[in-house]
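Student: From Swiss-Prot, for reference:
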BINDING   Asp52, Gly53, Asn124, Glu125, Arg151, Asp153, Thr164, Ala165, Tyr166, Asn167, Lys168, Ser169, Ala188  NAD(+) binding site
ACT_SITE  Asp52  active site, proton acceptor
Amino acid sequence: MTDQRRNVYFFHKQDQETNEQARSLTQLAEEHGFTVVNQHSDANIIASIGGDGTFLQAVRKTNFRDDCLYVGITKKGKAHLYCDFHSDEREKMVDAMTFEQIEVRKYPLIEVTVDQASPFHCLNEVSIRSSIIKTFVMDVLIDDLHFETFRGDGMIISTPTGSTAYNKSVAGAVVDPLLPCMQVSELASLNNNTYRTLGSPFVLSSDRKLTLRVVQDGNEHPIIGLDNEALSTRNVKTIEIKLSNKKIKTVKLKDNSFWEKVKRTFL
């Protein structure tokens, strides 16, 4: 698997501690026949040094490439869902690569189109929230058919791997990443005798399209979060969300499954 992939790009924060770890990892990579490159466009392996947040940034800043492998390396021995390697476990990294103790997982992306502009991609989730202290109103359509009119603080639409992040904090379900789907979770929905929403998360298959039409009532400048970045505030009328045909490939240890990571992180 790695025989044809020898060009490595390290993505990391520019602080003294991380720079030292990057230099150490660069030396390790070069000792084992890899070439460390300065531009991510020249790489076929992109390794992030940090936590899950750094991994998300690495994927976004390198344009969600589907022609390379992404590797998560954490700086400290804490549990991370996207990072299978620790920077202080050099021998384990070498053994994993040498003896093929790794496998490649393909993770789906969410594709977000705002008012028919160029689409954005997300690995974890897209969130749409009110930017002012006022109930946010959206018409929710599934495959262009009206499903409900949402009133509340906003919504989160997550991938299976993203289901353990923001989505879980609002009582969304944790979804197996082998299921190609996206989950829709509400933020403080308004439910009474006059207004009604489903009131629970729901899951859409990879063939479905979700459309959110923002009611133009003075609250049409929502905060749109794309993973751990915010989209510039703008007047928004329609947001279309679907599971992208594009996927990223990540390297994971064979003995470190998604559910083992979930158990280690939350239980």
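Using N, Cα and C of the backbone, Cβ positions are placed for all residues, glycine too.
Predicted, not measured: the structure shown is a model, and the values here were computed from it.
Show me how these features fit into the shown structure, please.
Tutor: Remark: Thr164 (NAD(+) binding site) has Leu81, Val174, Val262, Thr265, Phe266 as non-local neighbours, by Cβ distance under 8 Å and separation of at least 6 in sequence.
Residues near Asp52 (NAD(+) binding site) in space but far in sequence (CB under 8 A, at least 6 apart, same chain), listed by position: Gly72, His80, Leu81, Tyr82, Cys83, Ala165. A helical conformation is recorded for Asp52 (NAD(+) binding site) in the three-state DSSP classification.
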Student: Over all pairs within Asp52, Gly53, Asn124, Glu125, Arg151, Asp153, Thr164, Ala165, Tyr166, Asn167, Lys168, Ser169, Ala188, the annotated NAD(+) binders, what is the largest Cα to Cα distance, rounded to whole Å?
Tutor: 32
Student: Under 8 Å Cβ to Cβ from Ala188 (NAD(+) binding site), same chain, six or more residues apart: give me those in sequence order, or none if nothing qualifies.
Tutor: Gly152, Asp153, Gly154
Student: Measure from the Cβ of Asn124 (NAD(+) binding site) and count the other Cβ atoms within 10 Å, all protein chains considered.
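Tutor: Excluding its own Cβ, Asn124 (NAD(+) binding site) sees 29 Cβ atoms within 10 Å.
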Student: Are there any residues in the same chain, six or more apart in sequence, whose C-beta is under 8 angstroms from the C-beta of Tyr166 (NAD(+) binding site), and if so which?
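Tutor: Asn124, Glu125, Ser127, Ile156, Ser158, Gly225 - these are the non-local Cβ neighbours of Tyr166 (NAD(+) binding site), listed in sequence order.
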Student: Which residues in the same chain, at least 6 apart in sequence, have a Cβ under 8 Å from the Cβ of Lys168 (NAD(+) binding site)?
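Tutor: Counting only residues 6 or more apart in sequence, the Cβ neighbours of Lys168 (NAD(+) binding site) under 8 Å are Val174.
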Student: Near Arg151 (NAD(+) binding site), how many other Cβ atoms are within 10 Å of its Cβ?
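Tutor: Total other Cβ atoms inside 10 Å, all chains included: 20.
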